[in-house]
Structures are given as C-alpha cells and as structure tokens.
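Some features that Swiss-Prot has for this protein:
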TRANSMEM  33-53  transmembrane segment
TRANSMEM  77-98  transmembrane segment
BINDING   83, 182  heme b b562 binding site
BINDING   97, 196  heme b b566 binding site
TRANSMEM  113-133  transmembrane segment
TRANSMEM  178-198  transmembrane segment
BINDING   201  ubiquinone binding site
TRANSMEM  226-246  transmembrane segment
TRANSMEM  288-308  transmembrane segment
TRANSMEM  320-340  transmembrane segment
TRANSMEM  347-367  transmembrane segment
C-alpha cells in the first residue's frame, strides 16, 4: 500500500498534498477553514447539480420550477435549502479564512493571496447570479440594481449593461445567461483552488507565531486530517441545524413573491454576505464614486501585502495592531447591519462613518501602527 501511495503518479500527488505533507506543528483551529471551504464547494457543486436537473431558466417557469423542486421532487426541499444555506456557510468560512490570513500575516505569500482574492471575486459573482435564479422579487430587483451599477462607467456604461442584460431590461436572456454562468463558475473555482493549493504547497503553511517552521514539521496525516474532520463535523452540524430548523432565517421573504417588473419592493437588498459592500456603495452620494468604493472594498485586500511595514509577520505579539484588527471586524459587522437598513437617517450617517473607518483603518492606521510598534521594539 505504501509503495503504491509513494510511487503511483496519481497517488503520489495526493500523498504529497494530503498525507505526507509537512505541516507546522503549532497551527491552530483557524487553519481549519481552508478544508471547510473545500467541503462547502463540494456540497454546493453536488446540490447544485441535482437542482439543475429540475430547474428551468425561463422567466415564465423559473419560479414555478423552484416550487416544484420543493414540493414534488424527492427530498428536493432539503437539496434546495442545503444549497441556499450552504452558500451562507461558504461565506462565513471565507470571511474567517481571510480574517485569519490578515491576523497571522499569511498575505506575505503573494501568489497564494492574489489567487485567493480572485477566488473571492469568483465566489461572489457565482453567489450573486445564483440569487437571481429563483426569479422572486428580490432576485429580479437585485439583478436590476446591481447590474445597473455598471452604467456608471463613463462612455461605455449603458452599452455594457444592455450587453449583459441581452436587451433593454433584465429578462429571459439575462436569466438564461446567469444560469449558464452560475453552472460553469464553480468548476472554474475548483480549478483556481488547485492553483491556490499549488502555490501554498510551494512555500508551506504559515503558523500563528509567523516565524519559519522548517525545523519543526509534522505529517499532515493523521494529525491534521483528524483535526479537519472535527471541523467538518461541526460545519455539517451547523448547516443541517440551519436547514432543518430555520431554513429561511438568512433569506428574504420578498423572494417568495414571483418577480414583478411593475412593483418595486420598498427596500432592495442583496444577501447578508454582500451587505457590508452594499453599505459602502450606498454611503457615497455619487454613483461612479459608489461603484469605485464598492470595488475597492474588496480590491483593497490586494494592497495589504504592500502596506505591511511591521518587522513581525503575525499580530500574535503586536497588541496595538490587534486592537485595530478588532476595530476593523466590528466596523465590518456595523456595515453589514447598515446594509440591511432603509436609506434614512441615522443609518446614512452611520454607514458613511463606518465606510471612512474601514478605508482609513486599512490604508492609514494599520501601516502607522506597524511603524510605531517597530519603533517601540527598537527595530
């Protein structure tokens, strides 16, 4: 068995990636989220495939086909809710994974970090298009509002929006192409994950202390396979609890009303995992400025490796940076809350203040704190 594992070309690749992989001996549970994201992707592709067997991407029948899945297909309701709530679990794991990378300085692996940002954009695009497919009120109006943002691009904006819509409004052509992209993107994500892992295994994993761990490695199996298994069990327990007890907890009631272009919902909002970016978009009165701020709220992650001026990689021994990090986390939670509120005072003001804090913390306060810590440590 060992002979096959170490010499067969295919088994050798798996062995080097998941069995005999040298891993730091001190990585904590924060390193579990990578494998949990892999599990989420498998769940989403599997449930999505079964949903696609029954779904029809036509404006006249899309809403009815989702109802048919829930009522008439064997265990269709559980497949549908696993897919919808699986997306929420996916984003929870994504945010934790990125948060861990920021806290422990994993962003210094430039290639791995940049592929990760590409993955984040791909997952966000997939989730957005998936939200449009049930063709409820929030699906239709969410698609209309978000795609319309591209019209802020000077000179070519309007043409670009109509090209994406496949007409002069969100209609059958839009739904069909969104379904096609929603189906293909997870497989592109899976390919990007392979590249992400390839670059990660070139350098080896980071660890909580942020110092090289080449002198103290242990094999991935059995130590971290068991650890990842515990994380997977907890994830599945949370997901199934959500699906079986409160499947609509994270959804929007408006999406149980079929799409009606003649009736605008009082408050259009995306899924909860986009609310922080949506709040930043809304906090700027100018349309183009809002779109740029929306894009920068995610793209700013690509700047973090270049803004890192601390002599220590991890925040583990840097209390001032830790304080700022938790300010940033609290700020993102505030933005998420604001994104779900109506556009009126005091929510507008809170959103604007939170947006300023978000950008100034990352672009100004964190680099300055890094320099101050270097000074205090006489480095």
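Using N, Cα and C of the backbone, Cβ positions are placed for all residues, glycine too.
Taking every listed stretch (77-98, 113-133, 347-367) in turn, the largest tally of C-beta pairs under 8 A with the transmembrane segment (226-246) is reached by 77-98. All protein chains shown were included, and the count of other CB atoms within 10 Å of the CB of residue 182 (heme b b562 binding site) stands at 21.
Sequence-distant contacts of the transmembrane segment (178-198) (same chain, at least 6 residues past either end, Cβ-Cβ under 8 Å): 17, 37-38, 41, 44-45, 48, 52, 55, 57, 112, 115-116, 118-119, 122-123, 125-126, 129-130, 132-133, 143.
Note: the Cα of residue 182 (heme b b562 binding site) and the Cα of residue 97 (heme b b566 binding site) are spaced 23 Å from each other. Every protein chain shown contributes to the tally, and the Cβ of residue 196 (heme b b566 binding site) ends up with 21 other Cβ atoms within 10 Å. According to DSSP, residue 196 (heme b b566 binding site) sits within a helical segment. Of the recorded residues, residue 83 (heme b b562 binding site) and residue 201 (ubiquinone binding site) place their C-alpha atoms 30 Å from one another.
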